[in-house]
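> As annotated by TrEMBL, transmembrane segment applies to 200-219, 270-289, 335-354, 361-388, 394-416, 437-461, 467-492.
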């Protein structure tokens, strides 16, 4: 039979005394929680353990004796410690002693109440009580009783340490009849700043909750549900980001206590993400308002817009000629070219009409960076969308015209084969056509087929321009999603205190010698950085259409519209 004794490494230098902990009979394991020093009164020890057991619901008892022979030189000490087994009546009675300056430890058991005492093989496992307490490898406290019933799991050891938190609230400075040694015996681990913040957070959260509820009521008002406010609120990425951050603030300011570790980490990650986002936004705002950078940006914006318009005009002039030596339908080519040139002329007039107000608009937009870097990036994405609205219009016109011809050709091709599309049953059925229908269908098919290359060329050029804008906006939104979803607090915790994000345990052999107990060191395996990101990643408000290449090529071929992002509730055409 193998007896496993889990001994806290913080008690290695403790004075001689008795070992208190929990005995798990199903595992033949003893979890040592603390050492009670001499002198003590056994009745007071039993009363104290009874109070601890009543509060923690853990069967804490005296498991054996601890002798530090380096500090205690009396020869009768070992006999006295043996006699304590008759007072506290635990079977087996564990005796652990340190042999002077030697690195070896002796661990033995006494079975006074057993009729057939057997020699047991002992494994002495050292564990860091602080890391085990804070590792959260134990089951939640509200279900700890159910998890502890499964004796085959190592979580019973972690559960015992976690539920015995009351035992660790006393240190050596307490004026009590019992002196204990545990991981907080030199002083209870706490911070005055943290306690003050906890006290100050209650009224701050109440005020923030009231303000957020008022703001949420305004956002849910009927005024925002009328067109065009409802359209702008659902399409502008700035409004979506503000709504997302508003939900984050509601989560943080909630007075509900986190039920488990995941909820606590989610709140902490959101709080740190908000702090870093606002800090980066303030840095960006301070950089923008230095050395009149906003004025220089406004002076540069109009020439850039004019240059883009001139390049588009040159591109259209090239398409209205013989692009790459291709023979185009001249009439349709001239109509489409003049139509798009007129839109560019309108766009240039619109830009020059707004030019006196550009600097003022940018000045007020720069103030929004105090709400966070993500808000500033979303405003940049919306500005790009507004400045390239003419390219979007060109793309929509070309896509609709190309799509109309593709579907017209496919329908007329079914006419040649004696087929038609059944709208009710959503399938292709056979159909008989007369001579007039076939003649008109042949004429229309020929016209659409010969006009298709001209339309396809305009569609291809404007699709490439649209994809360029979509890529720029997609990169901006990926950066926003990275800031919103990255669990920064968990990553910092993994870097500084990796045991707080534990994935399991491992054992390292410290000492193995014949006649001596096997000494192991239980170490906590932290989560990998990739595992931390996957486990505690925060949800984002936008979901990019992750289509396959085949699906994307199919959409481009059929002329379906491609959006830079798709918000929840939106449907792509």
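Heads up, the Cβ atoms here are built off N, Cα and C, so glycines get one too.
Note that TrEMBL annotation is computational and uncurated.
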> Please determine whether the transmembrane segment (270-289) and the transmembrane segment (394-416) are in contact (criterion: at least three Cβ-Cβ distances under 8 Å, sequence separation 6 or more).
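Stretch pair does not touch.
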> Quickly jot the same-chain residues contacting the transmembrane segment (437-461) by Cβ under 8 Å, restricted to those at least six beyond its ends, or write none.
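Here the qualifying positions are 315, 319, 323, 326, 328-329, 332-333, 336, 340, 398-399, 401-402, 405, 408-409, 412-413, 415-416, 559.
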> Cβ under 8 Å to the transmembrane segment (335-354), counting only same-chain residues 6 or more beyond its ends: which ones?
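Cβ under 8 Å, 6 or more out: 302, 305-306, 309, 312-313, 316-317, 319-320, 361, 389-390, 393-394, 397, 454-455, 458.
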